[in-house]
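K.L.:
Residues or ranges marked as disulfide bond in TrEMBL: CYS133-CYS167. Under the heading region 'Disordered', TrEMBL lists 234-319, 486-518. Here TrEMBL flags 253-292, 488-499 as compositional bias 'Basic and acidic residues'. Marked as transmembrane segment by TrEMBL: 455-476. Taken from TrEMBL, the feature compositional bias 'Acidic residues' applies to 500-512.
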Amino acid sequence: MNLSLSSIHTHSPQPGSAAAQGGIVSIGFVVTYKAPEPMGEHFFAESFDRGTLDSWVLSKAKKEDIDEDIAKYDGKWEVEDMKDSKLPGDKGLVLKSRAKHHAISAQLLRPFIFDTKPLIVQYEVNFQQGIDCGGAYVKLLSQTPDLNLDEFVDKTPYTIMFGPDKCGEDYKLHFIFRHKNPKTGEYEEKHAKKPDSDLRTYYTDKKTHLYTLVVNPDNSFEVLVDQTVVNSGNLLTDMTPPINPAAEIEDPDDHKPDDWDERPKIQDPDAVKPEDWDEDAPKQIPDEDAVKPDGWLDDQPEYTSDPDAVKPEDWDEDMDGEWEAPQIPNALCETAPGCGAWQRPMIDNSNYKGKWKAPMIDNPNYQGVWKPRKIANPDFFEDLHPFRMTPFNAVGLELWSMSSDIFFDNFFITNERHTAERWANDGWGLKKAAEGAAEPGLVNQMMTAADERPWLWVVYVLTVAVPLILIIVFFCTGKKAVAPAAADYKKTDEPQPDVKEEEEEKAEEDQDSLARSPSVCTVASQMYAKTVSFYLTMRAALPHLGVFHNGLSKS
């Protein structure tokens, strides 16, 4: 890794500052950037540290079948440092425009041929502004006689599409390749299964992540993020649709006979409705045993007109109709069991049976679910080596995004895994080290969290203060055990101990206990004082916490 560390620096705070009062000292190291250099067998290497796009081609084409206003690939690209770069001088390719089509591509040093060595593709992405809806995937453009990078569009043939893509809450990490049908010569996209890993963090943490695809001659593949496998499988078994079609298919000319019976159960044709079956009986009937409660006010309505209501002055009966006072609950009904006409409550009818239906029995003519017969698939083929894909000789980014400032860096294509790992360590590994050097310590992380959520200061203080208060209460405020005086024994005629040695031993134990207790109390008191001092220090460091504290005091 091209990692250069300066000597360790200690940054002392200014005298009188909150950090100085709290005794906070920052210790860290500086990571110096050095551009990665491609070594070993490789087909493409781009770190953008020259600061130009000399080897890249901007598409001049237009998308087909869409409005002219958005058909152009007029999204802007720039080579620049990351906005919050921890490595000054480390440049990358940045997608600058929102809601625009972007297309840019570059030739490989030589075409990649799928033979006996694996394909390794890797590059870095940083969603500097987050990502709402858009992609950051790369296309490996197929080697064809008519490939023209000036006319690079969405329909330009590619061999592999790989990389992150997100819209809404749908987080994807594509691995798609175009497979050539050996019988028809037509191409069909094959999609790898979805990763089992949760990909959300890679799109939201605004950190640089390394995306790697490894496809091996034995048809196995791996997808890695930050050198950790997040998806793996085999081209023959883990792609959709499958590489090879089924050997047999359903006969499209086979049709179900008209008399085919698929009913497993039928109504018993011999069943007869019982004579006492009453289909008209209601489901519920009035409860004949119910009695109207005493005091029920039959003549009083539940609601009555508000006697205090007054017709509004601007009420127009021609426009608004006849005015009526609003209804209010009848005050007489508040103390009565009920008002209005009393009705018996409804109960379930024990004689209710509903509409009669014949019981179901096994169908003696049941033939099972009909399926068309199988025939040999006329389009069947068996490709046992899908790794042998169409050669490619260019790499391209053809993207639409509703977010800007997507940072790309350190593209690398090789057939040697150790070469790819060395390039990753010299590029992404350096970024990771720089980000690690810039990460705040535990105290700073707690302060940052409390800066965003001030209520955390109460949690911090209580977490430390409550145990200390309990220690002080239990160890420092207990009453001393007083031995009964001799006069007390005389008053009660209780036998007085006459073994002097026991008294002396107990006295020594009490002295030892008293000698230990002050030390516990002293330590606890000192820790409590430091906790309060720490809180006051943090309050001074973050002025807005003063308002928070004052509000807390008032409550």
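Glycine residues also receive a Cβ, built from the backbone N, Cα and C atoms like all the rest.
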K.L.:
For the compositional bias 'Basic and acidic residues' (253-292), give the DSSP counts of helix residues, strand residues and coil residues.
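P.N.:
Looking at the compositional bias 'Basic and acidic residues' (253-292) with DSSP, the answer is 0 helix, 6 strand, 34 coil.
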K.L.:
For CYS133 (disulfide bond), just count the other CB atoms lying within 10 A of its CB, please.
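P.N.:
Total other Cβ atoms inside 10 Å, all chains included: 14.
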K.L.:
Just counting, how many other CB atoms are there within 10 A of the CB of CYS167 (disulfide bond)?
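P.N.:
CYS167 (disulfide bond): 14 neighbouring Cβ atoms within 10 Å.
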